[in-house]
Amino acid sequence: MFSKIFSAATVALAASTMVSAQTFTTCDPTKKDCPADPALGKSVSIDFTKGNDDSVLRKLDGTSVKFEDGGALFAINKETDAPTMASKKYIFFGKLDVVLKAAPGKGVVTSVVLQSDDLDEIDWEWIGSDTAQVQTNYFGKGDTTTYDRGAYHPVADPINSYHTYTIDWNSDSVKWLIDGVQVRELKYADAKGGSRFPQTPMEVKIGTWVAGRKDAAKGTVEWAGGYTDFNEAPFNAYYKSIKITDYMGGKTGATSYVYGDKSGSWESIIVKTDGSSDDDKSSSASSTKTTSKGESKTTLTTVASGTATASGSSSEASATGSATATGSGSGSSSGSTGASQTGASSTTAAPATVTGAGYMNKANLALGAAGLFFTFLL
């Protein structure tokens with residue numbers, strides 16, 4: 001399926017949809033003053049087989065999640081389902097480890113996303129009908145000019161087997177790892193000289209959604225493997241655990257992150273340590289504009305210490321509703337891949353991709369990008 005070369009007309013259709021449906025943001029700090037982002041400021045771990053930590057992750061409207069022996073169950077029963085959980089706080093560079101097995105089914109997408117207020121984004125995505133690959137992607141500032149940022153990586157049976165998927169993100173690079181084996185690396189300079197490198201504080205989003213809807217763009221449906229057959233529902237994804245580590249821009253004790261100007265550069269981010277933020281982002285960015293930008297210009301090598309592990313029980317969320325957005329997206333890239341191993345690999349880890357391996361032709365990547373910028377409406 002993924003080696004198929006689609007027609008220019010199909011690619012154009014997908015591209016036109018991508019441009020008109022960017023990821024939603026409630027306030028873009030590169031365009032106006034926005035509330036401060038509350039900082040996670042530490043490392044937290046959640047074992048979803050024991051429930052959720054509601055102080056870390058929230059369920060978005062319309063989301064129903066059950067917590068079972070296999071982890072957090074994200075079920076798709078109809079085409080408007082899009083169960084999603086998002087972090088209540090942000091990380092400013094950091095590391096994300098998620099253990100999961102993706103949902104099956106044509107047109108069904110499982111996602112792990114880091115996303116900022118000014119539309120920087122780092123992704124993992126799984127197509128339910130692809131039993132041998134996972135996709136990675138990134139976006140910078142909602143750039144919709146080209147569609148060659150995505151990559152595909154082999155992984156052993158991602159639908160029926162748990163694997164650990166990692167994003168390790170700092171001011172120099174983004175690394176994607178599967179079971180401890182690096183499969184891709186994006187260098188700062190390779191993202192349009194850094195201008196499209198994801199570099200602003202991000203929240204974490206996990207969930208599933210339907211790209212194979214009857215009303216979805218043709219390019220999106222083809223990328224997702226076809227129209228979803230709901231006679232085969234439910235389509236279940238299991239998130240077993242998650243660990244989120246905030247590097248805090250190289251500082252310690254971060255309480256909030258403030259955009260010091262409208263450049264969207266990591267150097268402009270002010271790391272606040274005075275407790276001036278709260279969980280619902282009510283702090284005013286304008287009240288901190290006089291703080292020196294130099295506060296954030298540090299060597300980003302400090303890793304947050306200490307963990308908080310959730311072990312309490314949690315019942316099924318009862319919120320009801322539906323998602324009406326259809327998948328479409330965008331991106332441009334000149335990212336690189338790497339095959340260096342980081343840490344120990346599990347016995348089921350897929351081989352790391354070598355430089356250039358796993359990248360598809362631009363037509364296929366355009367269609368792949370069509371799903372990525374659906375990514376979870378707030």
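Cβ atoms here come from the backbone N, Cα and C positions, even for glycine.
A TrEMBL annotation is a machine prediction, not a hand-curated record.
Per TrEMBL, the features are as follows:
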ACT_SITE  Glu121  active site, nucleophile
ACT_SITE  Glu125  active site, proton donor
COMPBIAS  283-349  compositional bias 'Low complexity'
DISULFID  Cys27-Cys34  disulfide bond
DOMAIN    29-232  domain 'GH16'
REGION    273-349  region 'Disordered'
SIGNAL    1-21  signal peptide
Residue pair the residue listed as 'active site, nucleophile', Cys27 (disulfide bond) - Cα distance, angstrom, rounded: 15
Averaged pLDDT score, the domain 'GH16' (29-232): 97
Residue with minimal Cβ packing [other Cβ atoms within 10 Å] among the disulfide-bonded residues Cys27, Cys34: Cys27
